[in-house]
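Take a look at the structure below.
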């Protein structure tokens with residue numbers, strides 16, 4: 001496990017170095033700046049028509065130029081597109097939308113909502129926008145990032161989801177009524193991804209608000225899936241959250257399972273959690289042993305490992321990007337190139353592709369403008385600068401503009417064989433597809449920050465470094481700043497420390513002997529084995545007012561500085 005963690009650190013180190021844009025891209029005739037501006041124009045064509053024709057509904061219907069509610073009546077496209085606005089540099093519209101959302105979005109409604117989708121799109125989108133508010137020039141309230149209107153909205157939305165986790169197994173129901181909780185007749189069958197895709201958003205909420213309930217339920221759900229894996233180390237597609245019996249026993253990396261694996265890796269990075277990474281590495285061994293064939297990944301029976309579906313699903317195209325995050329770049333590129341051949345065959349990725357036959361699967365010929373292959377290209381281009389990855393970006397722009405663009409936005413492609421369209425533009429088109437395309441063509445975007453630029457914010461709990469890079473994208477492409485998780489810790493011993501510091505401050509001020517010392521002035525630094533991070537045998541340290549882990553009137557050195565650091569090293573080898 002430690003070898004893989006070192007590989008992860010090495011990859012992030014190379015990523016943070018930001019290799020200079022080489023001549024290879026130009027040699028293949030790709031004008032990166034030109035494609036970046038075309039992606040920007042695509043965004044505004046879709047976004048402006050959503051505002052004109054669909055707001056306040058969730059989504060735009062581009063063929064009829066009107067709107068529809070799909071996931072709960074949240075003005076979902078507006079929430080999903082908010083951080084994309086900032087990535088494109090539109091500060092004024094970001095600020096306007098923040099005000100609109102505060103005034104217009106209400107979660108206290110009698111609506112049955114997907115627990116999974118509400119989390120990744122609404123909670124994730126609001127958390128990301130909250131943490132980017134300073135960069136966007138939004139007027140901040142005292143205590144930010146530990147407080148703020150968008151954070152309160154994210155917390156309110158997440159609390160509406162908590163009743164779904166009240167099951168014997170800790171695995172959540174798939175649907176919850178936002179007003180009444182889980183409906184009495186709700187099915188207990190939930191897909192694996194719908195159980196294991198909460199740790200990024202819920203842990204962030206717990207760290208920012210000080211309420212551990214969100215991270216606790218997310219971890220319990222993750223561990224319940226781990227506990228119920230098969231003897232050969234695989235998980236199925238759907239499980240009964242009451243009895244823990246697998247209902248659909250197909251194992252793979254695609255639809256119904258995908259973001260569970262993604263969140264084990266991203267949760268490990270965000271929380272510097274070796275247990276989550278170890279879980280993923282064990283799964284990765286089983287996936288390679290039973291589902292991988294010639295750099296494709298098939299579907300197999302979870303208990304026997306026998307092939308059940310020799311199919312590639314478009315949702316699986318996130319996998320090369322995930323492989324790159326653990327440093328497995330060579331395997332990632334080989335699988336990416338397989339998927340890219342499918343794109344070139346159809347001008348998009350069909351939902352299902354029969355690998356032996358080399359063609360689409362009946363009734364699964366559509367492409368709803370999904371982001372996953374572009375997402376992998378963005379990650380791999382950061383790691384390798386291989387111009388083939390820019391070629392995928394070019395092809396995506398050309399295909400989407402040629403096939404999908406209509407007068408009122410961009411329409412889902414119903415059938416890649418004859419280019420028939422469907423009257424829908426999913427919110428992830430602006431949240432993910434456009435964002436990853438833009439980041440692929442914008443090597444100097446603040447999201448790619450190598451740590452040389454950052455903000456310092458003073459909170460009641462010490463000095464906090466933010467916007468230094470190392471962003472972790474949730475599965476809806478909402479970037480979470482990992483440093484923010486160290487700004488608002490409210491553990492009891494830290495509250496005591498702050499109280500002692502303030503008492504000393506006022507005591508010294510009265511005697512006119514006050515001097516401000518920084519941690520760097522006192523020669524202090526926080527190591528991975530500081531007492532602050534080491535719970536006592538009873539789970540917490542006893543208060544010792546005579547002994548503080550930091551000098552009085554010093555700003556605590558954030559673990560972010562030592563563990564994430566300038567070069568992006570996430571895990572420390574404490575051996």
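Note that Cβ sites are derived from N, Cα and C of the backbone, with glycine treated the same way.
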Which one of these stretches, 481-518, 519-556, shows up in TrEMBL as region 'Disordered'? 519-556
Which chain-mates of residue 372 (active site) that are at least 6 residues away have a CB under 8 A from its CB, listed by sequence? 314, 315, 316, 317, 318, 321, 349
If we check Cα distances from residue 117 (active site, proton donor), which of the recorded positions 258, 351, 475 wins as closest? 475
Residue 351 (active site, proton donor) and residue 258 (active site), compared by Cα position, are separated in whole Å by 14
